[in-house]
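Listed in TrEMBL:
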- 1-59: region 'Disordered' (REGION)
- 11-25: compositional bias 'Pro residues' (COMPBIAS)
- 76-177: domain 'HPt' (DOMAIN)
- His115: phosphohistidine (MOD_RES)
Amino acid sequence: MASDEATPAVSAPPPPPPPIKPSPNEPVKDAKPESPGTPRPPPEAVSEADPVPASDSKPINLEIFDQILELDEEGTHDFSKEMVVAYFSQAGTTFKDMDDALAEKKLPKLSELGHFLKGSSAALGISKVQAACEKMQHYGELRDEEAGKDLSPKNALEKIEALLVEVKAEYAQAETWLKKWYKDHNESFDEP
């Protein structure tokens, strides 16, 4: 009979794990249940299998940004803010270098700069800038990966020229969003 008494305790599902430190003004991401026997109703109508819709509506991938915020010490956002400030500085310099390389028609340099800013953007979850920079990287290598074809230097430069306008606009949206997030969390940026 002792085994019958142990059965209910074994079959009782464990409590759900506590949520990962969410941002106070952002919705809590759906967490997948620990076991199939303990389904949790989703707090919102966001698909837990595909985080991409969140990045389509915001210039920042919140999953990645939340991971950066987890690196902050309790009660402060100093570390993450330093990363963001460094990114802003890098992006400003990189956009100037991209403008110069485009004016000089230096496709390998444009590819290199696209690759550089793609990585920096990915690290912070600035996914739209990341995607545009990846295109620039390929265009600089005379390749259109979406179309699956090679490009002439003239065509690559035309695509990069249009893409540079797009990536700067995506960056401006991300910069505005990030500054607002920090302001909302009592971490204002000093404007020049």
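Using the three backbone atoms N, Cα and C, a Cβ is placed for every residue, glycine included.
Each residue in the domain 'HPt' (76-177) gets a DSSP state, and the totals come to 83 helix, 4 strand, 15 coil.
For the domain 'HPt' (76-177), the predicted model reports an average pLDDT of 97.
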